[in-house]
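K.L.:
In case it helps, Swiss-Prot gives these features for our protein:
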type     : residues                                      : note
ACT_SITE : H188                                          : active site, proton donor/acceptor
ACT_SITE : S318                                          : active site
BINDING  : 98-100, 129-132, 139-141, T187, S319, 324-326 : substrate binding site
SITE     : E331                                          : site 'Important for catalytic activity'
Amino acid sequence: MEYRIEKDTMGEVKVPADRYWAAQTERSRNNFRIGPEASMPVEIIEAFAYLKKAAAFANAELGALTTEKRDLIAMVCDEILANKLADEFPLVIWQTGSGTQSNMNLNEVIANRAHVLQGGALGEKSIIHPNDDVNKSQSSNDTYPTAMHIAAYKKVVEVTIPAIERLQKTFAIKSEAFKDVVKIGRTHLMDATPLTLGQEFSAYAAQLQFGLLALKNTLPHLAQLALGGTAVGTGLNTPKGYDVKVAEYIAQFTQLPFITAENKFEALATHDAIIETHGALKQIAMSLFKIANDIRLLASGPRSGIGEILIPENEPGSSIMPGKVNPTQCEAMTMVAAQVLGNDTTISFAGSQGHFQLNVFKPVMAANFLQSAQLLADVCISFDEHCASGIEPNYPRIQQQLENSLMLVTALNTHIGYENAAKIAKTAHKNGTTLKEEAINLGLVTAEQFDQWVRPQNMVGSLK
């Protein structure tokens, strides 16, 4: 491999000759050989491109940067956003907790690429300086948290929310389709009074609806950007009005409602907005866990389980048991939920580590957040496509379970009293007989009264 010599304030560094990065990026590559290379999320790189372009425009408008340099920086940022420079960002998550080296990776690549676009060669002194121009009016301490918010907001709004809404809509449709299917309810995993399958599915739709509401309610905080706070939140070395102006440009370029942070000190020292939004993602993950568990239990069998619903048969389920089919989409969903719960633990702890004016767990928070947001989106689409949309009632099994339930006796409470109703249920269970048989044998009701009072379809109420 051929190398060229790049310099920073610590001296000379050998850099691969054909790469646009420079000394500080190469030092980080050599110093942090931890985990897979280039593990810094691409969403963070893209977010940096948006903010570097916005900073160039804001600085130029405020007289701190020439329009020539602005246009060169913007041109390279557009190339990054078009995925033309993907191989130029080799750094890992496991680096400085402020993300300084990734910030410099962007600065160096933009400066060197701009020089080449001007007809220069790598290794020559560039017309664009990585610190003085690309990083003008910025610090890693305000750029990385800004990139975190841009990446997180975009992912949640453009990817996660639409996917959850899709699955929520399917459950709402199923709830309406199953509104007349009366089945036995279960509490404590034991038989309970009847409800409709539609009512059961309405709970799933409502869970996701509330989860979406919680998620959307976190977005105003996430939309606040730290950029303009520079090193500790004071805005040192920025032109007047820069913080507001740069946020306006980011909003313009992303077409998302970003604004400057109300308090830059909070925006640098803490990442409560990330914790808050991920908390809503965790809420949704726990809802999905519950839903997936219910569905795989309701579909259990096919002959020796509950078996009240039929789910799509997507692939063989066993390498040894012929004909076995498993609830694989439910299993995938529960594993995703477990991962999100683990990510939330990491994010919550990392968020507590804001010592004085700076939190230094930024990259791991960003990576875990983005993984959760993407996984939840992917699993909602997968579950909707390969499971939820194909769920159908198993009518014979539902009727069999309903007729066999002792908890239908609850309908007699208001006619013969709780204790007499309990006596009927216990006697029927002990003798292996029906509720009707024992109610008549015990002389507590007539056959006509039993048929009039114990009607499952009248026990489901009017709530939907």
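Including glycine, each Cβ sits where the backbone N, Cα and C put it.
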K.L.:
Which of the three DSSP states, helix, strand or coil, fits E331 (site 'Important for catalytic activity')?
P.N.:
helix
K.L.:
Taking every protein chain in this structure into account, which of the recorded positions H188, K324 has the most other Cβ atoms within 10 Å of its Cβ?
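P.N.:
Comparing the recorded positions H188, K324, the most crowded Cβ belongs to K324.
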K.L.:
Using DSSP and three states only, what is N326 (substrate binding site)?
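P.N.:
In the DSSP reduction, N326 (substrate binding site) maps to coil.
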K.L.:
Between N326 (substrate binding site) and the residue listed as 'active site, proton donor/acceptor', what is the CA-CA distance rounded to a whole number of Å?
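P.N.:
Roughly 24 Å, rounded to the nearest whole number.
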K.L.:
Cα within 10 Å of S318 (active site): which of the binding-site residues S98, P130, S140, K324 qualify?
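P.N.:
Of everything listed, what lies within 10 Å of S318 (active site) (Cα to Cα) is K324.
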K.L.:
Based on DSSP, name the secondary structure state of D132 (substrate binding site): helix, strand or coil.
P.N.:
helix
K.L.:
To see if you understand the setup: which same-chain residues, six or more apart in sequence, place their Cβ under 8 Å from that of P130 (substrate binding site)?
P.N.:
A22, M104, N107, E108, I110, A111
K.L.:
Let me know how many other Cβ atoms fall within 10 Å of the Cβ of S140 (substrate binding site).
P.N.:
21
K.L.:
List the Cα distance (Å, whole number) between D132 (substrate binding site) and E331 (site 'Important for catalytic activity').
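P.N.:
It is 52 Å, counting Cα to Cα.
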K.L.:
Near the Cβ of T100 (substrate binding site), how many other Cβ atoms are there if near means within 10 Å?
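P.N.:
By my count, 19.
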K.L.:
Identify, among the binding-site residues S98, T187, N326, the residue whose Cβ has the fewest other Cβ atoms within 10 Å in this structure.
P.N.:
T187
K.L.:
When the Cα of E331 (site 'Important for catalytic activity') is compared with the Cα of each of the recorded positions T100, S140, H188, which one is closest?
P.N.:
H188
